[in-house]
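Please read the structure below before turning to the comments.
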């Protein structure tokens, strides 16, 4: 591996793949982590037809494809499809040969150990990379915000987790993870629309609902008040969304009922604590001396934290939980959708990080289990 080789940073989210070159300030390409396969055989003989499509191409042809996400709740469930996504990332999107660049991958905390071993194996054996590293997503988000102490609340498409970090040290005993995130909200929104007579059932229609959710949903400062307002003055809350076939759909109280599940998961029938309680429990598992600094540095990251009012609502909920004299500060950086990737870009271009890479020689000596020794 030459000194000049720029590292590739690939943030494999459950919903989106963010990838680019180390040292850049934003990911070069962002595409959905989807693999689509045609539902029907092709009869137009002259037309070139692939057996599968990846990313944006799958998204554009979604009407004739069955779409599958290879990553569910942050864990890779289909390795063949995952390889296709990585292949697409390196050769079609970034247009680089992976055998010439070290690769930094990201992972959710508390993932099964076999998941990162298999990632390591595929990188070295299939893509022949000279070196690689696997980093925890939340730690990278903290790097991106320019802090060394804080509690990161990362919520993406598949996993939400809270990770307290003090002076650069992760406190693994205090990490909390809930397998409820953006995708669960999308599924629930589909159910609500079905109750109102709009059927969204296919995998392609699920993507339409995801778009409605991203464009129209917001978080209510006071859920009960907002419900009352939506019943009395529904016109203030309703928004019109145009479906791809030209039909119009009115989205009313779903706009705030859907993301409310982040704070009250029982709304969608989940038995896990809300985001604010998860963060509070994480802080309470930490040493009493550092709690004050953690309350003061609650950093949001991930696409599911992009809803309007989320920072204010989280501040309000945390203030109710914390001791009354405690100052609560929630930091919601505008680029938080990509902060994991940005942190990876910063980390992999540091000169001090260069000895951290798992090299090909080390992999050949020790096998995939080296990833547990070299990466946190």
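Each residue, glycine too, has its Cβ placed from N, Cα and C.
Annotated features in Swiss-Prot:
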| type | residues | note |
| --- | --- | --- |
| BINDING | 14, 15, 16, 18, 157, 158, 159, 213, 303 | ATP binding site |
| MOD_RES | 73 | tele-methylhistidine |
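Annotated features taken from Swiss-Prot, shown on the structure.
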{"residue": "14", "record": "ATP binding site", "DSSP class": "coil"}
{"residue": "73", "record": "tele-methylhistidine", "DSSP class": "coil"}
{"residue": "157", "record": "ATP binding site", "DSSP class": "coil"}
{"residue": "303", "record": "ATP binding site", "DSSP class": "helix"}
Greatest inter-residue Cα distance in Å for the ATP-binding set 14, 15, 16, 18, 157, 158, 159, 213, 303: 20
Set of same-chain residues at least 6 away whose C-beta sits under 8 angstroms from residue 157 (ATP binding site): 13, 14, 15, 16, 181, 182, 183, 303, 304
Cβ neighbours of residue 303 (ATP binding site) where a neighbour is any other Cβ within 10 Å: 20
Whole-number Å value for how far residue 159 (ATP binding site) lies from the residue listed as 'tele-methylhistidine' (Cα to Cα): 5
Lowest local Cβ density (other Cβ within 10 Å) among binding-site residues: 16, 159: 16
Other C-beta atoms that fall within 10 angstroms of the C-beta of residue 73 (tele-methylhistidine): 20
Number of other Cβ atoms within 10 Å of the Cβ of residue 14 (ATP binding site) across all protein chains: 21
